[in-house]
């Protein structure tokens, strides 16, 4: 406070000197503020990531020194049936888990967007599972799928007892039996994203469309959906990245089994690394996951930074 | 007609909501059933008994108490550290013309968007190398490092939008960059910090992948991986496993209930930006 009289003069002096050269001296404290977190991330993320890429080109059991094999690991993948299953399952996961959670989340957001009595309760109900960890979700549903559990009881009650099977132990159903709980949790999350997006749409647009005689369906199709472009790209990025990262729920429910029938790239990578200790091959699998995510990440970053400027 | 429509809406949404919470309610019910009841009547039946012994088994025999303590020992410092570091970085990047500030921000965000799988092997080797394998400190460091990019990005967006004038006013009053951060910018960023705090608490608390990569001994496991271990310990004692599941869910549910508004707002961060 006492410096008020002096400061303005000094400030104008600085500004005049700095303006032509277009450089403003940044105080050392600010540099520390930025560089320390950056260094922390460099040590725990950037540097390990680079090592990961390098390890993908090696054959390594974790004990002896890594042996450089070039793209050998990637060539091995072509003839690896488990890799192909995992890739196929990851694609199924992306389409079913991703697609259905977008459809379900968007549908629920449309149904629950208008503030009216009871709507808060419905939103809260759909949202509750998001709070749980995927492991908790997995265990809740494992209890569900047990022989004589609620799933079987429901099937028997409605007269479909013949369909009953060991849902998680049957290679034909394991993957889908894992997708259901993953969806159960994701739909509420996607709904929140869309609710936020819908709230940001200018109500005047609906009014105008209504005046022009657009039906509710037409208003959704021609006003709401185009207005949600931004949210859509966020949702899509979140879904694709989440799908490729998905690990917890599969690991907690089936560990990728039986006979790799529910194996995803992420679970296969983990078991290859830490159970069969083929660290080079596992790194190569991680690079595949990375490459698949990269396209999405780039799309997301380009969007994020277009808005920055 | 309209009343019929409204009624139909509430019946339909009520059913959907019930369907959604049914699995949770049902697991809570099982957690209070005795083993004999479950064995005799099956998991799908209505309860014929009421007991707390399942919770005692999970809490004491399976040592979920220690697992919960471990989780909190990791989660609380990790949340504070990562938000602290992210907020100073975001402050520097958003309020000062640091060279390459956009590149730095971009790199930091990109680091967070990397699939963790690419980091697992190098990080497990790295913590082994520096002698911190199988320690909670390693787990804290991993969570801080991996979360920083996203938190910095979000806080940067908030801090950037604060009006220039308040900072100039503080400068005129003689406040340095450190003082401006702590007395002006940080208090104004509180809503964003609360949202990220609530979110990151659940993310870190709920983590499985990093814990099983960095921690080996059972007595150091946080509650999420410990919960998986419960399955091996109480094979087919689904009532005890249900009790363990309920216990493991309590802290995040508590944080959610306490910070509901921030939590939901936090999830929506970025969706409307």
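Glycine is no exception: its Cβ is also placed from the backbone N, Cα and C atoms.
Nobody curates TrEMBL annotations by hand; they come from automatic prediction.
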Per TrEMBL record, range annotated transmembrane segment [choices B:50-71, B:72-93]: B:72-93
Stretch-level contact, the transmembrane segment (B:192-215) and the transmembrane segment (B:105-124), CB cutoff 8 A, at least 3 pairs: yes
Residues from the same chain, set at least six apart from the ends of the transmembrane segment (B:130-154), whose C-beta lies under 8 A from its own: 70, 73-74, 77-78, 81-83, 85-87, 89-90, 93, 105, 107-113, 116, 119, 123-124, 192, 196, 200, 203-204, 207, 210-211, 214-217, 220, 222, 269-270
Same-chain residue ranges lying at least 6 outside the transmembrane segment (B:235-257) that approach it to Cβ under 8 Å: 27-28, 30-35, 38, 43, 54-55, 57-59, 62, 64, 67-68, 71-72, 198, 201-202, 205-206, 223-224, 226-227, 263
